[in-house]
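S.K.: Below you'll find the structure I mean.
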Amino acid sequence: MSRPRLDLGLYLVTDRPALLGRDLLDVVGQAVAGGAGLVQLREKTASTREFVELARAVAGILRPRGVPLLINDRVDVALAAGADGVHVGQDDMRPADVRAILGPDALIGLSVTGEAEARAARGEPVDYLGAGPVFATATKPDAGAAQGLAGLAAMIALAEVPVVAIGAITSANAASVLDQGAAGLAVVSAICSAPNPREAAARLRRIVDGVRPG
């Protein structure tokens, strides 16, 4: 595995219930066409076999476009599907163990909620932190209390690696989130549930590029 380019600016996190019955592969393709530079496949109810097959299908869409695929939580699925890395939470496999299994070129992200977790993440072998939820979110009921913009800024100040903000981020609040110093936006419903996922992604990408040119 050669280390893929990491573009955190607009980061799609999938959620099949948020698709409102639409095809996941189609929405992923639209999101990337609109400017998503990183995709995390999150599947909480799929069987392991289904998860691997779906991950391979998503990777088939992303690889020709040079967009990395991360798998939520499941190191085994990432290995089987040939994904570019894994995003783990506080109760999942430790980042050091993920790194030992996947190797130095894998992309690894870690979720943090609050200053204590952001501080504890210092020194972990991760490429970025996913900080939030910034605002209250319905797509992840166990996400914890909303941290707000001030909470996000505090987590960013403690981080040693780039921080991606997550949690009910939309085109209406994206600029204020980026103004806190976030390296990018991780979005679920703002793309997955949008009437036109490609245009929704493009709108968010324009905001990201406007605040973080280049």
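Glycine is no exception: its Cβ is also placed from the backbone N, Cα and C atoms.
TrEMBL does not curate its annotations; it predicts them automatically.
Note that the structure is a prediction, hence the values are computed from the model and not measured.
What TrEMBL records for 10-191 is domain 'Thiamine phosphate synthase/TenI'. Marked as 4-amino-2-methyl-5-(diphosphooxymethyl)pyrimidine binding site by TrEMBL: Gln40, Leu41, Arg42, Glu43, Lys44, Asn72, Ser111, Lys140. Under the heading Mg(2+) binding site, TrEMBL lists Asp73, Asp92.
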S.K.: I'd like the number of other C-beta atoms within 10 A of the C-beta of Arg42 (4-amino-2-methyl-5-(diphosphooxymethyl)pyrimidine binding site), please.
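M.R.: Counting Cβ neighbours of Arg42 (4-amino-2-methyl-5-(diphosphooxymethyl)pyrimidine binding site) within 10 Å gives 19.
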S.K.: What is the interatomic distance between the Cα atoms of Lys44 (4-amino-2-methyl-5-(diphosphooxymethyl)pyrimidine binding site) and Asp73 (Mg(2+) binding site), given in whole Å?
M.R.: 10
S.K.: In terms of DSSP three-state secondary structure, what is the assignment for Asp73 (Mg(2+) binding site)?
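M.R.: Where Asp73 (Mg(2+) binding site) sits, the three-state DSSP reduction gives coil.
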S.K.: Restricting to the same chain and to sequence separations of six or more, state which residues have a Cβ under 8 Å from that of Asp92 (Mg(2+) binding site).
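M.R.: Sequence-distant Cβ neighbours: Asp73.
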S.K.: Kindly assign Arg42 (4-amino-2-methyl-5-(diphosphooxymethyl)pyrimidine binding site) to one of the three DSSP-derived states: helix, strand or coil.
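M.R.: The three-state answer is coil.
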